[in-house]
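The annotation AMP binding site is assigned in Swiss-Prot to 18, 28, 29, 30, 31, 32, 113, 114, 141 on the grounds of similarity to another entry. The Mg(2+) 1 binding site annotation in Swiss-Prot covers 69, 98. Among the features that Swiss-Prot reports, Mg(2+) 2 binding site is placed at 98, 119, 121. According to Swiss-Prot, the Mg(2+) 3 binding site annotation covers 119, 122, 281. Positions annotated as substrate binding site by Swiss-Prot: 122, 213, 214, 215, 216, 245, 246, 247, 248, 249, 265, 275. Residues annotated as phosphotyrosine in Swiss-Prot: 216, 219. The annotation region 'Important for interaction with ALDOA' is assigned in Swiss-Prot to 3-10 on the grounds of similarity to another entry. Residues or ranges marked as motif 'Nuclear localization signal' by Swiss-Prot: 204-208.
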């Protein structure tokens, strides 16, 4: 018989991980406070998502947000949770949320040096049918000495200090990067803590899955149509790619990270600038995918190189395994050359 205990006595929790990263960077502790506050909000949202049906949180709150999406009751709750937790961390100065038309400026007595862009509940159109949804965030340093304003959030993704997403699925998971790879943490409901389950996850060089909304095939540009045709009917006799699309970006991106392949929300005739928002949807997931060895592009440039012009700016997004994204870009270049 073994005398090994069934309980882990030296587990790496996300709280401990964040503190260790801060110590290694010889930081002030402000980013540690910020990340821990974000994690508290994520735990609270996870709890609300699990209780939503019983607590009458499904359904529409009776309004439309700034980007034209119907606002769900859980959206409103999640947004308030994140804003309140971040402002009470004393580490933020500007908050940009999908749910707020303008940036939220933290009160002077609570201000810190960080800017946070977030989508409190991504994929909320899937709430009522219990499909996976998530929270996405990116953290930047304020780069000027001026009074905090919306302009402080208009930084390219290359300036990100830390980014991540939470996925509320069969379990609650957080993918987090502070610029040194991507680590995955799962919420242990017994402990109420996120525990490290995978360190330095790497995306496959090439996958076997493509993910996009083929319902919009009527509006696809020539490059997208050509690429999808190649995946479904390979000319080299290889097996076709599998098609997977949840319609909740966090779920689709996380599957792409874990299994490899490509996720696409390209520009089309209906949405010539793309549909996903740069600051709080595209940049955080592009950062995670690049940190894991993948690629993320708008079709014309890396997502993280885009210089934002407005806080709710939309861009096309194609990300995933480097060889798959490169093949898509080859289709784009070929079609541009043929014009």
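Just so it is clear, glycine is given a Cβ too, placed from its N, Cα and C backbone atoms.
Keep in mind it's a predicted model, so treat the numbers as computed, not measured.
Location within the structure of each feature annotated in Swiss-Prot.
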{"residue": "18", "record": "AMP binding site", "DSSP (3 states)": "helix"}
{"residue": "29", "record": "AMP binding site", "DSSP (3 states)": "coil"}
{"residue": "121", "record": "Mg(2+) 2 binding site", "DSSP (3 states)": "strand"}
{"residue": "141", "record": "AMP binding site", "DSSP (3 states)": "strand"}
{"residue": "216", "record": "substrate binding site", "DSSP (3 states)": "helix"}
{"residue": "246", "record": "substrate binding site", "DSSP (3 states)": "coil"}
{"residue": "265", "record": "substrate binding site", "DSSP (3 states)": "strand"}
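Sequence-distant neighbours of residue 122 (Mg(2+) 3 binding site) (same chain, six or more apart, CB under 8 Å from its CB) are 133, 134, 135, 136, 165, 248, 249, 250, 281, listed in sequence order. Sequence-ordered, the extra residues of this chain that approach the Mg(2+) 3 site, with Cβ no more than 8 Å from the Cβ center of 119, 122, 281, are 98, 118, 123, 134, 135, 136, 249, 250, 276, 277, 280, 284.
Within the set of binding-site residues (121, 246), the lowest number of other Cβ atoms found within 10 Å of a Cβ is recorded at 246. The binding-site residues examined here are 98, 119, 214, 281; by Cβ neighbour count within 10 Å, the least packed of them is 214. Put simply, of the binding-site residues 31, 98, 113, the one whose Cα is nearest the Cα of residue 265 (substrate binding site) is 98. For residue 31 (AMP binding site), the same-chain residues 6+ apart in sequence whose C-beta sits under 8 angstroms from its C-beta are 18, 22, 91, 114, 139, 161, 162. In sequence order, 268, 269, 270, 271 are the residues of the chain that are 6 or more apart from residue 219 (phosphotyrosine) and have a CB within less than 8 Å of its CB. Applying DSSP to the motif 'Nuclear localization signal' (204-208) sorts its residues as follows: 0 helix, 0 strand, 5 coil.
Among the record's AMP binders, 18, 28, 29, 30, 31, 32, 113, 114, 141, no two C-alpha atoms are more than 18 Å apart, and one pair sits at exactly that spread. Shown are the binding-site residues 216, 265; of these, the residue with the fewest other Cβ atoms within 10 Å is 216. In terms of Cα spacing, the binding-site residues 98, 113, 141, 216 that come within 10 Å of residue 119 (Mg(2+) 2 binding site) are 98. For the binding-site residues 113, 121, 141, 214, 216, a Cα-Cα cutoff of 10 angstroms around residue 98 (Mg(2+) 1 binding site) retains 121.
Note: the CA-CA distance between residue 141 (AMP binding site) and residue 214 (substrate binding site) rounds to 38 Å.
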